[in-house]
Protein chains: 2
Amino acid sequence: MTAYFPGSAGNVLTEFDLPRDARIDAVIARTAFERPTLVLDTALVAENYRALSDGLGHAVIHYAVKANPAPEIISTLVREGSGFDAASRAEIELCLSQGARPDRISFGNTIKRAADIAFAHGVGIDLFAADAEEELEKIAQHAPGARVYIRVISEPNGADWPLTRKFGCASDRVIPLLNHAAALGLDPVGLSFHVGSQTRRAAQWAGTLDQVAGLWHAARAEGFALSLLNIGGGFPAFYGDEIDAPTEYAAQVMALVTERFGHVPHVMAEPGRGMVADAGKIAAEVLLVSRKSETDLHRWVYLDIGKFSGLAETTDEAIRYQFETARDGDDTGTCILAGPSCDSVDVLYEKRPVQLPLTLRAGDRIVIANCGAYTSTYASVGFNGFPPLDLMVI
Amino acid sequence: MTAYFPGSAGNVLTEFDLPRDARIDAVIARTAFERPTLVLDTALVAENYRALSDGLGHAVIHYAVKANPAPEIISTLVREGSGFDAASRAEIELCLSQGARPDRISFGNTIKRAADIAFAHGVGIDLFAADAEEELEKIAQHAPGARVYIRVISEPNGADWPLTRKFGCASDRVIPLLNHAAALGLDPVGLSFHVGSQTRRAAQWAGTLDQVAGLWHAARAEGFALSLLNIGGGFPAFYGDEIDAPTEYAAQVMALVTERFGHVPHVMAEPGRGMVADAGKIAAEVLLVSRKSETDLHRWVYLDIGKFSGLAETTDEAIRYQFETARDGDDTGTCILAGPSCDSVDVLYEKRPVQLPLTLRAGDRIVIANCGAYTSTYASVGFNGFPPLDLMVI
C-alpha cells in the first residue's frame with residue numbers, strides 16, 4: 001500500500017512510516033463535506049481480512065454483511081476470497097451483484113421470510129441457520145434438502161455487549177431440532193453460536209466453547225455426523241479499551257476450538273465489526289456548544305450527527321467512540337455530547353461525559369474514529385429531515 | 001365523512017355507524033402488502049386538527065412535522081389552516097412545497113446549522129427557537145432582526161416520556177439570554193417549553209405552567225414585552241392507557257395557561273403525536289413463532305418489522321402498541337415480541353410480554369394500531385437489508 005501523508009505535498013511514503021488511517025485522514029483534511037460522511041478505506045478491509053484469515057487457519061470467513069453493506073466492501077472481500085453471512089434477500093442480492101458465488105453465501109438469519117428462503121434456494125444458496133421447528137419447516141418447504149445448522153443460545157461470558165436470548169435454542173432443544181431437520185429431509189450439518197458482540201479478549205471464548213462442545217459431542221454420540229461448526233462473530237474493534245490484535249486473537253480462538261472439538265472439517269467465522277470498524281471515520285461538525293445554567297459543570301456539545309443518523313450504537317452508551325478535532329492539545333473539559341434532532345433520546349454520552357477542548361465551538365469539524373461498522377445502515381431515512389449518513393469510499 | 005365497511009358490499013354507512021379507523025381497516029383487509037406498510041388516513045388528521053383547534057381557542061397550532069412528514073399530511077394541514085414547527089431545512093422545504101406560507105412556519109430546533117438559519121431567513125421565516133448564547137449569535141448573524149423565543153427546561157411532571165435536559169436553559173439563564181438577544185439586535189418575543197411527550201392528562205401540565213409563568217412574569221417585570229408563549233407538544237395518543245379526549249384536553253390546558261399567564265396575545269401549540277398517531281396503522285406479518293426450550297413459559301413471536309424498520313419507540317418498551325390479528329378471539333398466551341433483524345437489541349417487548357393468540361403462526365398478518373407518529377422516518381435506510389417502512393396514504 002502506498003499512501004499520501006496529509007500536508008506532505010504529494011511525497012510518497014511507505015505504509016511503515018504512516019498510521020493505518022493516514023489515507024482517510026488525508027481525504028478528510030482536504031474535503032469540505034456538506035453533511036456527516038463516513039470515509040471508508042477498502043485497503044484496510046483487505047488488510048483486516050488477511051490478518052483474521054492468518055489467525056483462523058482452516059476456518060473460513062463469512063463476512064457479516066450487516067456490519068457494513070457498502071458494495072465496495074463486498075467486492076473487495078470477494079477478491080480476497082471471503083464468504084458472506086447474509087441476513088436477508090437484499091443482502092444476498094448485493095453479494096451476488098458483487099461477484100460472490102452462491103456456495104460462499106450462508107443465510108444466517110434464524111428469522112427468514114418464507115419467500116426469501118425460496119429466493120435463496122433458487123439462486124443456489126444451500127446453507128441456512130435455524131433455531132426452531134417452524135423455521136426448519138419453512139426451509140424444508142422452500143429449500144428442500146438444504147444443509148442447516150442449529151443455532152444454540154450461549155451463556156454470558158463477559159462480552160462488552162452480550163446478546164439476549166433472541167437467537168438460538170436452549171441446550172435441551174438441540175437434539176430434537178436435529179432430529180426434526182432430518183425427518184423433514186434436510187441435512188443437519190452442524191451447530192452455530194455467538195459469543196457476543198465486541199468480545200475483547202480471545203480467552204473470553206472458553207466458557208461458551210465448553211458449553212457448545214458438550215452439545216456437539218452429545219449430538220455426535222446420538223449419531224449425527226456433524227461436520228460444520230459456525231463460531232459466529234464477536235471479533236472486536238478498538239473503541240478506547242485494549243483488545244487483542246486480530247491475528248493473535250483469531251489464532252487463540254481456533255486453538256480453544258481445537259482443544260474442545262478436535263478437528264472439525266468445516267469451521268466458519270462471521271466477523272463484521274472486527275473486519276470493518278477501523279476502516280472508516282466519520283467527518284462531522286459541531287453545531288452548538290452551550291451551558292444550561294450559570295453553575296453547570298459540564299458543557300453540552302451538539303453535533304450534526306446523532307443516534308438517528310449513524311451513531312445508533314451509542315444507545316445505553318454501549319459503544320464509546322473516540323473523537324479528534326483540530327483543537328486537540330488545547331485544555332479540555334467534560335462535555336455531554338448530543339445529536340442534532342429534536343428528540344430528547346438523541347443524547348450520545350451523558351452518564352460518562354467525554355473530554356473535549358474548551359476552545360471547541362460551532363462550525364468546528366469533529367472526526368469520529370473507528371466508525372466503519374454499524375453506522376451507515378443504522379441511519380434513519382430522514383428523521384427530523386436530516387439525511388442519512390453519507391458514504392465516501394477511497 | 002362517508003365510509004365503506006369492509007365486507008359490506010359497498011353499502012354506504014355514515015360515520016356514526018363506524019369506528020374511526022374503518023377506512024384504514026378496509027384498505028388493509030383488501031390489500032396484499034409486499035413489506036411492512038403504514039396505512040394513513042388524512043381525513044383523521046383533519047379531524048384531529050379540528051378537535052384540537054376547537055379546544056385550543058385563540059392558540060394557533062404549529063404541527064410538529066417530525067412526527068410524520070408525509071407530504072399528504074402537510075398539504076391536508078395547510079388546507080385546514082395549520083402552522084408548522086420545522087426541525088431542519090428539509091422540513092422547511094417540505095412545508096413550502098406543500099403550500100405553507102413562511103410566516104406560518106417556525107424553526108423550532110434549538111440546534112440549528114448556521115447555513116440552515118440563513119436559508120430559513122432567505123425564504124421569509126422570521127421565528128426561531130434558542131436556548132444558548134452561541135445559538136442567538138448564529139441567528140443574529142444569519143437572520144438579523146428575527147423574532148426569537150427562549151426555550152426553558154421544564155421540571156418532570158409525570159409524562160410517560162419525560163424529556164431530558166437536552167433542550168432548554170435553566171431558569172437563571174432566561175433573563176441573560178433575553179438581554180443577549182436584544183443586544184444582538186434580535187426581537188425576543190417570548191418563551192417556550194415542553195411538558196414531555198405523551199402527557200396523558202391535561203392536569204399534569206399545572207406544575208410546568210407554574211414554573212414557566214414565574215419566569216414569564218419575571219421577564220416582563222424586567223421590561224421585556226413578551227407577547228408569545230409556545231406551549232410545545234405533549235398532546236397524547238392512545239396506546240392502551242386512558243387519555244383525555246383531544247378537545248377537552250386542549251381546552252383544559254388553555255384554561256390552566258390563562259389562569260397563570262392572563263391573556264397572552266400569541267399562544268402556539270406544537271402537537272405531533274396527538275395529531276397523527278391514531279391516523280395510521282401498520283400492516284405487518286408474523287415470520288416465526290417458537291419456544292426456546294422445552295420448559296419455556298413464553299413463546300417468541302418474530303415480526304417482519306422491528307426497532308430498525310419503524311418501531312423505534314419500543315426502545316425501553318416506552319410506547320406500547322396494540323396488536324390485531326385475524327385470530328383474535330382464540331385463546332391467548334404471553335409472547336416476547338421481536339423484530340426480524342440479526343440484532344439482539346431488536347426485541348420489542350420482553351419485560352412486559354404481550355398477549356397474542358396461541359394459534360398465531362408464521363405467515364399471519366398482524367396489524368399494529370395507532371402508528372401514525374414517529375414510525376416512518378425513524379426507520380433505518382436498510383439495516384440487515386430490510387427496506388424502510390412503506391407508506392400508503394388514503
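Just so you know, glycine gets a Cβ as well, placed from its N, Cα and C.
Since we're looking at a predicted model, the values are computed, not measured.
Feature list (source: TrEMBL):
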- A:Cys342: active site, proton donor (ACT_SITE)
- A:45-277: domain 'Orn/DAP/Arg decarboxylase 2 N-terminal' (DOMAIN)
- A:Lys66: N6-(pyridoxal phosphate)lysine (MOD_RES)
Exercise. In sequence order, what residues of the same chain, 6+ apart, have a Cβ less than 8 Å from the Cβ of A:Lys66 (N6-(pyridoxal phosphate)lysine)?
Worked result: A:Ala87, A:Glu91, A:Gly272, A:Tyr374, A:Thr377
Exercise. So what sits near the residue listed as 'active site, proton donor' in its own chain, CB-to-CB under 8 Å and at least six residues off in sequence?
Worked result: A:Asn384
Exercise. Looking only at DSSP and grouping its letters into three states, which state does A:Lys66 (N6-(pyridoxal phosphate)lysine) belong to?
Worked result: helix
